Ligand code: PPS
């Protein structure tokens with residue numbers, strides 16, 4: 001009798017296991033082995049993961065990136081970049097690579113193992129290095145993102161903030177990265193699959209988002225779920241999204257409120273620690289594979305999925321329906337069904353939402369774009385109930401109080417003697433004359449006396465100096481202040497990093513003080529050019545060390561053409577025009 005009961009129980013269980021999901025490759029070692037490896041990891045070369053690498057590692061270790069078993073080696077990488085497939089032919093659209101600097105790569109012996117640590121130095125995994133290679137990052141950008149335009153955040157990250165050497169190899173997981181926020185909403189693929197099974201959810205449609213959700217999203221997800229007879233998994237990306245997005249703390253508070261507006265036992269919320277690349281169609285394919293790994297049977301692909309907006313010439317990077325087409329092409333192979341959905345719009349005359357494709361000529365369509373929403377929040381203007389739920393508005397208003405001044409950084413860059421510091425002082429005076437906002441000045445020489453004391457002028461030291469300035473500026477801006485920075489900042493990569501740090505919280509205004517070298521040298525206020533020409537100072541910017549001219553600064557001023565006062569007027573006028581001063 002007992003045996004029969006057990007048989008039935010297991011048959012029932014089998015029947016409950018969803019037919020989707022596929023093989024989950026978790027890379028964590030059993031606890032005793034993990035403990036032993038943790039002890040051994042202390043004697044290995046140490047690598048501190050940046051935020052993107054940490055997100056990638058978490059999804060590699062918990063099986064979110066199944067079937068990957070580590071960071072891609074050269075052969076897999078080449079085929080992923082060119083054909084969206086691993087070397088064995090498996091569909092995989094985005095290169096998952098561990099980028100490092102040349103010095104670190106050169107220090108590794110053949111077949112080395114390295115300890116991959118979080119910022120606190122906690123070892124999370126050990127990588128057995130099987131491949132060390134120099135990628136062609138321009139070619140990667142072209143194939144993966146379809147462009148080398150740095151306006152694309154994925155391209156800027158790849159070209160300006162990605163190390164030149166990639167390490168490929170297998171991972172052994174020691175422990176999960178720590179999270180202290182919304183822990184009850186974070187699940188591994190195994191946990192989520194188990195939760196679906198326990199709750200008898202067999203058909204699950206997953207929804208990806210990086211924005212707060214409003215009524216249009218609720219309508220879209222409800223209709224998509226209804227269409228395929230599935231329950232809904234709202235799975236927002238909370239790892240890293242597009243610079244300038246609403247922070248995930250605010251978004252998650254909004255999603256929690258929204259959840260109450262679905263029918264009971266209809267929708268659930270789970271956070272995905274994904275570092276998005278904003279890669280449009282390829283990224284959509286990647287999102288679908290990840291959701292399959294988390295146990296979803298269907299995946300919603302909306303308009304312009306994971307699109308980064310417009311390029312430097314104002315044209316959209318991707319066709320809004322390219323992602324839907326690409327996924328339809330690969331649906332059979334993907335192992336998850338695609339639910340393409342048009343944008344939902346509000347028809348005021350019918351007081352209802354409907355798919356854009358069903359709008360009739362007489363319909364009065366209303367929409368509020370993200371920019372318009374930010375404007376209304378900023379000005380304290382009404383946000384109509386047809387657009388979103390009052391609880392969501394309340395959270396957004398708390399986060400973005402009306403008329404709160406926006407923090408920003410004025411980042412002056414240029415050769416020594418170009419007039420950066422003088423111009424920064426003149427702009428500071430204008431700001432203080434006209435308003436009482438807090439301003440922090442991070443001038444080159446001043447910073448080197450305190451914040452960057454001990455740093456020299458090697459490339460690494462200069463980069464560290466600019467990152468420090470960017471970091472402090474981003475903190476000032478986070479609290480609504482103004483940071484005026486005036487370093488030489490000769491390298492584009494470091495400037496891009498500072499921009500990224502700042503843009504997480506406010507505006508970054510790059511002002512290239514483009515005074516020509518001959519003029520700077522003739523001024524030679526500190527006698528440094530003469531010393532550099534005489535070989536007494538090595539690696540002097542403009543003489544025997546490069547200054548990489550900013551490609552698209554917000555402003556360019558040449559103090560050999562205009563007086564400092566006129567230049568300050570131009571900066572100030574620009575700020576006024578942008579509503580910053
Ligand atoms: S950097 O490259 O952005 O980190 O430089 P920064 O912190 O702005 O410091 C530049 C000031 O340091 C003096 N100095 C040098 N500049 C360039 N190259 C070399 N090798 C060098 N050695 C010393 C110089 O006075 C710079 O000040 P400014 O105000 O720009 O003239």
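Glycine too: its Cβ is placed from the backbone N, Cα and C atoms.
Please treat TrEMBL annotations as automatic predictions, because they have not gone through curation.
Under the heading ATP binding site, TrEMBL lists 414, 415, 416, 417, 418, 419, 420, 421. As annotated by TrEMBL, domain 'ATP-sulfurylase PUA-like' applies to 18-175. Residues or ranges marked as domain 'Sulphate adenylyltransferase catalytic' in TrEMBL: 185-398. Marked as domain 'APS kinase' by TrEMBL: 406-558.
According to DSSP, residue 420 (ATP binding site) is assigned to a helical segment.
In the predicted model, the domain 'ATP-sulfurylase PUA-like' (18-175) shows an average pLDDT of 95. Listed in chain order, the residues near the ATP site other than 414, 415, 416, 417, 418, 419, 420, 421 are 488, 513, 515, 520, 559, each with its Cβ within 8 Å of the site Cβ centroid. Between the binding-site residues 418, 421, 418 has the most other Cβ atoms inside 10 Å of its own Cβ, all protein chains included. Across the binding-site residues listed here (414, 417, 419), the residue whose Cβ sits among the most other Cβ atoms within 10 Å is 414. Among the binding-site residues 415, 420, the residue whose Cβ has the fewest other Cβ atoms within 10 Å is 415.
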